[in-house]
Structures are given as structure tokens and as C-alpha cells.
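Participant: Pasting a structure below so you can have a look.
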Amino acid sequence: MEQPSDSAPVYARRIMGIETEYGITASASNGQRVMSPDEIARVLFRPIVSKYSSSNIFSPNASRLYLDVGSHPEIATAECDSLSQLIAYERAGDAMVNRMAVQAEETLADEGEKRAVYLFKNNVDSAGNSYGCHENYLIGRHVVLKDLGKALLPFMITRQLICGVGMIRPAKGDDPACFVLSQRADQVWEGVSSATTRSRPIINTRDEPHGDSKRFRRMHVIVGDSNMAEPTMALKVGSTLLMLEMLEAGFEVPNLSVLEPIQHIRAIALDPTGRTELPLEGGGSTTALAVQQELCTAAERWLEHREEAGTPTTELARVVDLWKRTLQAIDTQDFSSVDREIDWVIKRSLLNRYRDRLGGDWAHPKLAQIDLTYHDIRPGRGLYSVLEQRGMVERWIDDAAIDAAIDTAPQTTRAKLRGEFLAVARELDAAVTVDWTRMKVNRPEPMTEEFSDPFVSEDPRLDGLLDYMRSHPGS
């Protein structure tokens, strides 16, 4: 069997994070005026701005909360170093912004405007505007990101088969409304580049490591959907972790370089059978399903070689099992083995039940409403949330892990240092400034430390900052 190379570090324990932007709206009834997303967002962030004089803060769990361009609330999770930990903090982000929405409803009611505030964890609004779910993976500085990105492109353009959230794509010209696998496939136009909005790439190459730039880079993946189902999220991130480990190790991964890969991503989204034909650079062709099958087989072999660090190999074996079952379901078109785990399968099944009653037309407005409601993050109101509460979908983590992540930073990474710093600053009402790598006590005289290693969760320099704060209470 193939043996990993010793030529470069393989990050079995890898720093990761997810950035989630939320769509926002509010109900309007009984002659109420329609509130713009900007107005709703201002009400949503009013308590944050009142407390911190900013709409861009680090929360108690060391995640970043801010108002992004287009009036989208966004949470960037704190640094995580294992799969289940990352899912817990991503779900904690949902809970945090939901709390803000509930508070915004109370504020509006106090002002005589009783209405519901909705936050949607999706990627496209009714006007066709797109907002993202961005994945971040630490890689070594020695890695040429464009080369790594090129090697990953066949995986990335076909990954929607296993982890797309699905959506009804409205009619376009002569093309009727239809169900597609991914909400982001129509929104990316390049493979690997430094752009983010004008011509969104699959992988962004801007050099912002949020750490020691001599040692680390950050791979920023823009193409992914915002998942509601925890197992789908685990498959999206877990399969990507395995791909990165194999490529870093020089493990034998099939050469599946696709000719003009970005040209095929939209065709793949239209085909839930995975039979979309992909021409190969070396001649011949393959299919989207075959690409995923070959990479899944390689990942299963890799499990026998990987170092036991970060995400446990037993958990990644669960990822590979779900990966295999999903590909088998696509191959046979019998989805009964994954219809409680894979987002697009769950959503399509729900929509098909209603579509049959409504005459089979994907353009029916009732279906668009169901599609959107799937992504409402309010417990007991959002459609996916109701399925989860009724035990009709599978979980990857439990509620206790999410609850613990709402107010406590990850304890295994640099986020722990930031969380402790923020906790003491809140306790002492100290004026501080924080970003991903720096912590600064502003008064009486500025004192700053930079923490450039995201893997380190203990550092005596933090004690110096905390002692300085405590010796100048109220400064």
C-alpha cells in the first residue's frame, strides 16, 4: 500500500473555522410598513453597539460577531482543532444570533412594532443576491496554494453531490424552475483566485493567515453551502480534511484533473444522478460521481496511515462511512440510507411531497416558501429545526455540546487565551482591543501581546496581560 511522504508537515490536528452569513427579514402585517434589511440589522445589533460602541466584536466564546456588507449578521467561529468541536461552535453561532433576533423582537414590540424577525442560514435571497458560508483551513507556509487549489478542484466542484443543501432555482429565460444540489454553484466563476465578490472563486488565495506568516497559510473555501444537517456539515468538512491530509502527505490520490473545471460546476448542480460527464486534461472523461467514488476510496485507505491527532480517526471513519453511503445512494437512486443525514436529500424529499400535491410545478410559490423555511434558525419555527426536535433527522453532536460552546471558548486552541482575556475584561469593565492574533489592554498605558500560534492554548504572556488589567481596575 502507499506510504505517506515525510517531506512536509501533515496537519492531522488542523486549525479550522467557519464563517456564516445570515439572511435577515421581518414580518409586516396589518398595514405595517416594510422594514429594510438594514433597519432590521440595526435593531438586531443595537444592544451590541450600545455595549461595545461597535458592530464588530469578539463574543464570550471567542468567535467574531459582526455586521457584514449587505446587512448580513455574520459569525466567524473561534479557532477549532477537531470536527465535532467545529460543528458545536458553528451551531452555537446559530443560537447566538437567534438570541439577538428574539431580543430585537422584544425591542420592536416595546416601540409599538410587534413583528417577527427571521434569520435564515441559507445562501441566496429572493432577489438572487448571494451570501456565504466560508470554510477556513490552516495549511503550511511551504504549500503553494494555487497548486493545492488546482489539485482540490475536481473534489470541490463535485463535493456538492455529498454536501449541497439544495434549492429551487427559479426559471431563467427558457429554463424552467428546477431543483439544484447547491445554492452556491451558480455564484462562483473562478477556480482559485484572490477575488471574493466580483468573480467569486472556489478557493480564495488572499494571504491572511491570522497567525505566524512564516509558518502558516489559511485556505479560504468560498464554494460551500450553509448546512442545516449536522451530518452533512461533518461530511463537508471531514472529507475536505481528509483530502488536505492526503495531499500534504504525498499519499497516492487519483489524478482527476478536469478540463476547465469551473465550467462544469453548474451542470453538476443540475444532476442528482452524478452522471455529468467531465473531460479530463489528460484525455478521456469521467463523471462527477466517479470522481467522488475514487477520492472516497483513497480517503478510506488513508485512514490506516494518518496520525492520531486532532479529529479522532474513529470520527473520520464515520465521515467516510457516510461518504460511501451517500455515493451509493446517488448511484442507485435509493436514498433511504441517507434521507435523515444529507441536506439536499432531506429537503428534496420534503419538497417533492408538497410538489405532488401542487401539480408537479417547481415554480409554485408554496414550494419556494418551504425551501426558505427549511433555513429559518428559530427553534420550533424553522422547518429543519422542527424535524430535529421531532427526531426525524440524525445528529452528529448533542445539545449539551452546543450549549457549552455558546459562552465558553474552545479549550484546545488560541481561542482559549482570547476567551480568558475577554472574560476578565468584562469582569473588570476594562477597555481592551482584540483581534485574531492580538490582545491589548488600552489603559492606563497600552499593553499589547501578539499570539501568532493558533495551536497554543497556554501562554504565560496572557497572565501578564491579566495581571496588568487587575492592577488597574476600571481603567
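Placement of Cβ uses the backbone N, Cα and C atoms for every residue, glycine included.
In case it helps, Swiss-Prot gives these features for our protein:
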ACT_SITE  Asp68  active site, proton acceptor
BINDING   Glu19, Tyr66, Glu74  Mg(2+) binding site
BINDING   Arg64, Thr77, Trp436  ATP binding site
Participant: What Cα-Cα separation, expressed in whole Å, is found between Asp68 (active site, proton acceptor) and Glu74 (Mg(2+) binding site)?
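Facilitator: Each residue's Cα considered, Asp68 (active site, proton acceptor) and Glu74 (Mg(2+) binding site) end up 6 Å apart.
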Participant: How many whole Å apart are the CA atoms of Thr77 (ATP binding site) and Glu19 (Mg(2+) binding site)?
Facilitator: 6
Participant: Could you give the Cα-Cα distance between Glu19 (Mg(2+) binding site) and Arg64 (ATP binding site), in whole Å?
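Facilitator: Taking the Cα atoms only, Glu19 (Mg(2+) binding site) lies 9 Å from Arg64 (ATP binding site).
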Participant: For the recorded positions Glu19, Asp68, Glu74, work out the Cβ neighbour count at 10 Å and name the residue with the minimum.
Facilitator: Asp68
Participant: List, in sequence order, the residues of the same chain other than Arg64, Thr77, Trp436 whose Cβ lies within 8 Å of the centroid of the Cβ atoms of the recorded ATP site.
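Facilitator: Here the nearby residues are Gly17, Glu19, Phe58, Ala62, Ser63, Ala76, Ala78, Glu79, His210, Ala415.
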Participant: Residues with Cβ closer than 8 Å to the Cβ of Arg64 (ATP binding site), same chain and 6+ apart in sequence?
Facilitator: Asn56, Ile57, Phe58, Ile75, Ala76, Trp436
Participant: Using DSSP reduced to three states, classify Trp436 (ATP binding site) as helix, strand or coil.
Facilitator: coil
Participant: How many other Cβ atoms sit within 10 Å of the Cβ of Thr77 (ATP binding site)?
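Facilitator: Thr77 (ATP binding site) is surrounded by 27 other Cβ atoms within 10 Å.
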Participant: Under DSSP, is Asp68 (active site, proton acceptor) part of a helix or a strand, or is it coil?
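Facilitator: For Asp68 (active site, proton acceptor) - judged by DSSP and reduced to three states - the answer is strand.
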Participant: Using a 10 Å radius around each Cβ and all protein chains in view, which of these binding-site residues has the most neighbours: Tyr66, Trp436?
Facilitator: Trp436
